[in-house]
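Read the structure below first, then the notes.
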Amino acid sequence: MSYAVKELFLTLQGEGMQTGRRAVFLRFAGCNLWTGREEDRSGAVCRFCDTDFVGMDGENGGRYDAPTLAAKVGELWGYDREAAYVVCTGGEPLLQLDPLLIDALHGEGFEIAVETNGTIAAPYGIDWLCVSPKAGSEVVQRTGDELKLVWPQTGIDPQELADWDFRHFLIQPMDCEDGKEAREASLAFVDNHPRWRLSLQTHKLLGIP
Ligand SMILES: C[S@@+](CC[C@H](N)C(=O)[O-])C[C@H]1O[C@@H](n2cnc3c(N)ncnc32)[C@H](O)[C@@H]1O
Ligand SMILES: Nc1nc2[nH]cc(C(=O)O)c2c(=O)[nH]1
Ligand code: SF4
Ligand SMILES: [Mg+2]
């Protein structure tokens, strides 16, 4: 098995309960809810994506086998593996992340986090699982560490998600043309639903990747 990687870089986790944590980001190419082409966006299941996940042309992008990819992640982190953390994202990482790569990343001393749309069941061995449901898709992965709902989304009732088996429930304002309205709607939401916390995309505020 080889893996199509869009980009690979060191930054901070910008979102969710692990915000501020130093992390290597492993962005896989490809997604099952949008082709990534602008001309297909209006007909896609997921229409608000803020990410370029097409191709393998980003920083450190390319096709890797498991040991080479894990070693590259380790090289970007550095020699001292204390609290070493890799965030697998995309695109949709669960189209590609498999037990072989999970073992290789653990072997390099990493805790493995995943950002997924929840339409594909997660393999065993992920240390931090973030599921972010998309209206119009069927979420099969209903357990994990954090459920992070981009808001507002018509066609999703957060109350129906609230009894899924997650430790944390988060609302993240949609980054879009109507960003101000999305932030206001998200603030109003957490004001009315105290079980849910606000998640901000802090890397965008900081101007880091
Ligand atoms: C680019 S996605 C990749 C991982 C996976 N495909 C998913 O959707 O969870 C990473 C995170 O960014 C969120 N996201 C994508 N577009 C966004 C936007 N316009 N505003 C806020 N969050 C967004 C997703 O919901 C997800 O939590
Ligand atoms: N810094 C930073 N944090 C992030 N958390 C989730 C991201 C993603 O695109 O999956 C992301 C990202 O793209 N950058
Ligand atoms: S599911 Fe994730 S990667 Fe795919 S289009 Fe939506 S936000 Fe982007
Ligand atoms: Mg992002």
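Each Cβ is built from the backbone N, Cα and C atoms, and glycine gets one as well.
TrEMBL names LEU12, GLN13, GLY14, THR89, PRO209 as substrate ligands; from the candidate set ARG27, ARG81, ARG197, the record adds ARG27 to that same site. With a cut-off of 6 Å between Cβ and the nearest atom of ligand 2, the binding-site residues GLY14, ARG27, CYS46, PRO173 reduce to GLY14. Neighbouring residues of the recorded [4Fe-4S] cluster site, listed in sequence order and excluding CYS31, CYS46, CYS49, comprise LEU33, TRP34, GLY36, ALA44, VAL45, ARG47, THR51, PHE53, GLY91, GLU92, ASN117, LYS134 (Cβ within 8 Å of the Cβ centroid). Under a cutoff of 8 A between CB atoms, and with a sequence separation of 6+ in the same chain, the neighbours of PRO173 (S-adenosyl-L-methionine binding site) are VAL150, TRP151, GLY179, ALA182, ARG183, ALA185, SER186, LEU198, LEU200.
Neighbour density at the Cβ, taken as the number of other Cβ atoms within 10 Å, is lowest among the binding-site residues CYS31, CYS49 for CYS49.
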